[in-house]
Amino acid sequence: MKRLPVLALLLWVCAVYFVGIYLFVGGFLLVRLEVNRTSSCGDVLEPGEEPGDFCRSPPRFSRLVLLIVDALKIDFARFDPGNTAPRPYENKLPVLGETVTSRPLQSRLYPFRADPPTTTMQRIKGFTTGSLPTFVDVGNNFASSAILEDNLIHQLGQVGKRVVFMGDDTWENLFPKKFYRSLPFPSFNVKDLHTVDNGILQHLYSTMVGKDWDVLVAHFLGVDHCGHRFGPDHPAMADKLTQMNGVISSVIDRLENDTLLVVMGDHGMTDTGDHGGESQKETDAAIFLYSPSPIFPGSPSQTEPDVVPQTDLVPTLALLLGIPIPYSSVGQVLLPLFPPHGQKGAAGGISQLEALWINAKQVNRFLDTYSSMARDIPPESLRQLRAHFSRLSSEYLAAVRDGRSPSAKLNSSLQLYLTSVRDTCRATWARFNHVKMAAGLAILALACLMCFVLSELSQALIREGGVGPKAPVLVALMSAAAAAAAQLLARGSVEAAWCLAAGALGSELLFLWRARRLNTPTASKNGGKAPKAAGWLTPRQLLAAPLLVWLLRCAALLSDCYVIGEGRVVTFLLFSLAIYVPVRLNWDGLLLPPSHDPLKSAGLLPAPAVPAATVRKEGHTLLACLGLLVGSLYLSLSFHACREEQGSCQPSPFLSPLSRLQSSQLKNLHYVLSVASLGMWAFLLRRCLCHYGNLNSSGGTVFAARWILPLLSVCLGLHWAVSATPDDSFRNLSELIGLAHVALPRAAFCLLALGLALIWLDPLTVFVKARAAASARSLTLPPPRYRASTGISPQAELHHLIPQIYQRMRRCLDDDAGGGGEPGGGGEADNRPAVEAYGLGTVYSAPTLLFCGLLGLGLLLLHPEGMALSFLLLLLEMGSLLHIHASSTLPITHAFPFCSWSGGFAVPWTPVVLWSLAAAQFFHATGHLPTFPSIQWSAAFVGFPDGHTGTILPASLVTLNTFASHILFAVGCPLLLFWPLVREVRGGRAGRACGEEGEDAVMEMRLRENPQQFSAALLQLSTRYLFINGAQVFASVCAAAILRRHLMVWKVFAPKLMFEASGFLVSSVFLLIGVTLVLRVDVAVSSWFKRLVPDASR
């Protein structure tokens, strides 16, 4: 078998896809340009001649207390005295409502709207810089880097304000060495509800009493973590909100008259406690403003804002505290906090009009600076904004110069200008690099074409060795070097992206050119024309039913309705294509055996290759597996999550961890179902291996199946039981339970690593027994006879032995060595013992199946307990698809009895498309969605409840959780090649080559007899799977590019692109792992043959 060429070709194809994805994403998800300039009190804001716009008036407040209650949504803050049966999150903060009602001149409560993405780091950036984050910033939420833009913390330090911080350690990463004193606490462990909050409370009140601070920032995390762990509708949320109510009340009692209190949430949360997207439940937080002295001109009126954007907090606090507004802020001041023009507050300060005028000049300065640097704001919009500001400036300056009061409309005009600038920036900061996007599209399109051609020409490539990866890789390196040299000559620097683009395009074009030559008829040795290597890209192939289903799905990615409802649509497509298989067989007359025609003379037609009863049995098996598949698909719909756009959709109760369930009876039921599913998973795997005789040897793989598989299942069951234990239960055993929280999942990880390593190091599941020859053999070796599907050994009830294999193995070795005769002489042949090999018929599929099974248990560990039943359905669906594929091949061999196995082991398109659809379908059936709020962040803390010191390990755990279905179907993809051989029918044509009568089925040993066809079939199957998945990525890329200005691009199409691309990367890596495992088994089988021959010859 040609192992290295197969693996090298697949690595090269994956690399080309990765380059295309990298280029397009780099052009589509660019971060906006940051203006690294800072404001100062001496700035002259035009139009103006004298410095001091920012700091010319005494500050309204000398101190600020900023309490950030993470995920404090507006629903938590409102108080309804008429609600007699509040839910756990309702009416738990009465201090806010009571203060607003009793002290209207001193307090306000507003909805506080965040800009997406609604993750903590981006929100901190937003309400400290006043700028708008971009979509791609969501990727930095757990890898915080210092904020370089001008911000409130920097400005407070510039004017000598002492800023004391305590709480979420994200602030320390964003503002390193910016605080007068800092008390950070670890924030990443979402299961920890109390460490951060209790740490703050130990220092908060004592710090307020002291005099060594001017600004106090406290960031509480308990409410957010409670939402992630239990959801908002849980008694634990009521406890947390009640604690926050007491904190706010105590802080109010300790405030002095010159101090402003701001209580705010950075974002909201969904009904499941998640956030990160742009639904109103996620963006609408709460902000509460209070001071012991009056700060509002009167009671709330109709002119006050209904919603306060988060960016408005920055200029408001800057002017109230007497510091410059950060340079890049696009927010506008909150007018109710400033007195109307002509009036002065109790402690002085600037008026509403003066605040708006300073704010407008600052925003106009930023707009001029940014537009001169980035040049991405549309010229027409920029011209209109400048003309608008020019008119406002003329009106304001004329009124000041004439000594008259400005018109009443000037306030509204200034507000309109500030709103227009913010809306323009929000619309244009989705900045695209069209050249990179086009290059990425071109590379991905050629990669799909190349992958399709490679799958169709795989047999010719392996047979002739005409097109390998060496030449394309060499051309790629030369093209990349040329691109680097051209960049150096043109601009003096090198951008790696264009080197990668040149290399990928060069290698693709070379391969397609050489493949075209390979597909051209050439002159044969006798002077005629040799046939084409393959017929590819023909209309009949492209219009086949499986490819039509696949094309339909790709085209549907342009529809936001399809993306929103993809889980159910993919289930329907999978069901339809599975139904197509028996329908097509019946249409072609292949599902049932043909009836006997007594009028036809005997001997004129060949006898059926497979008995009619066998064909009928296989047809019944196909229909039974189809029924099992339909049942699994139907039940899997019970595990779907819900998108915010789906309205009345209710998420599956199985998505909630057992610790969230309040009903003990329901919790016990879910646990029993989960443990039963886990046990059934392990039982089915062992039963399959035992049935095919793969548990008889003493190798590492058998050890993993016999011991590691059940031990891993026990660890999972115990871990679920410990995780479901409430925190207030078994207080005497709290330390033991805490230890089990860490030890059990880590033990499971260790067992999983050990099991996978044993499979990799010792993959053979073959048991060999030598016995004396039954009779003397002649010098001429008899025809080889294998029995892989029958022949139970009566001594130990060992299944599926292959006796008398010695002769064929010896002959294969001699052929490989180039020898023409049998070594050792004729006299030695008479005394050679026969060899019995048990489990050799499934030597390739057994380790692959066990590898998938162990990996599936490891991935299940990262999911909520209720997903165990969904994973069991996944296993049943995989088995059904494999049996449908195997059963559907038998009628074809029955219909064409003269066709031999010399034509190869090609896997048709239908099972490959079904396999890919199943991976996408179970992505949704394991509770995932292509949205950021649906990411199950809790997976990062399985086995690590105290958090992590870095980001690589938690990111890896979350990735494994999110793309579990992609991983399992990618690793198990080679099973599509093996399963029709595993289920060969004894005594049929499928079990013998042309000219050999009566030979039993040899199952996967047929691959060893035809190593070139084995290599070609494995390469073809892998490239077909890559083509299907890669084309889906290409369709997502096209949808994002075409609809980049669509209303739903950042809510639907961009997240879908990110998930589709990430899923392809993960699938490609694990497909390579699966193929490499098969190649590893092949190496082990070859070594086993070489060891067996001398042992058997002694």
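Just so it is clear, glycine is given a Cβ too, placed from its N, Cα and C backbone atoms.
The annotation transmembrane segment is assigned in TrEMBL to 6-31 (among others). Long-range Cβ contacts of the transmembrane segment (6-31) within its own chain (Cβ-Cβ under 8 Å, at least 6 residues beyond either end) map to 134-137, 431-437, 439-444, 446-447, 450-451, 454, 461-462, 468-469, 472-473, 497, 500-501, 503-504, 507-508, 1015, 1018-1019, 1022-1023, 1026, 1030, 1033, 1037, 1040-1041, 1044, 1054, 1057-1058, 1061, 1064-1065, 1068-1069, 1071-1072, 1075-1076, 1079.
Using a Cβ-Cβ cut-off under 8 Å and counting only residues 6 or more beyond its ends in the same chain, the transmembrane segment (669-689) has close neighbours at 653-654, 658, 661, 695, 705-706, 709-710, 713, 716-717, 720-721, 724, 765, 846, 849-850, 853, 856-857, 860, 865-866, 868-869, 871-872, 875, 879. What TrEMBL lists as transmembrane segment is 669-689 (among others).
What TrEMBL records for 701-722 (among others) is transmembrane segment.
Residues or ranges marked as transmembrane segment by TrEMBL: 742-761 (among others).
The transmembrane segment annotation in TrEMBL covers 842-862 (among others).
Residues annotated as transmembrane segment in TrEMBL: 868-886 (among others).
Under the heading transmembrane segment, TrEMBL lists 898-923 (among others).
Summarising the annotation, TrEMBL assigns transmembrane segment to 963-982 (among others).
The transmembrane segment annotation in TrEMBL covers 1025-1043 (among others).
The transmembrane segment annotation in TrEMBL covers 1063-1081 (among others).
Between the transmembrane segment (842-862) and the transmembrane segment (1025-1043), the number of CB pairs under 8 angstroms, six or more residues apart, is fewer than three, so the stretches are not in contact. Most Cβ pairs under 8 A with the transmembrane segment (963-982) among the ranges 701-722, 742-761, 868-886, 1025-1043, 1063-1081 are made by 1063-1081. Long-range contacts of the transmembrane segment (868-886) within the same chain: residues 578, 581, 621-622, 625-626, 628-629, 632-633, 635-636, 639, 654, 673-675, 677-678, 680-681, 684-685, 852-853, 856, 859-860, 907, 910-911, 914-915, 918, 922, 925-927, 965, 968-969, 972, 975-976, 979-980, 982-983, each at least 6 residues beyond the stretch ends and with a Cβ under 8 Å from a Cβ of the stretch.
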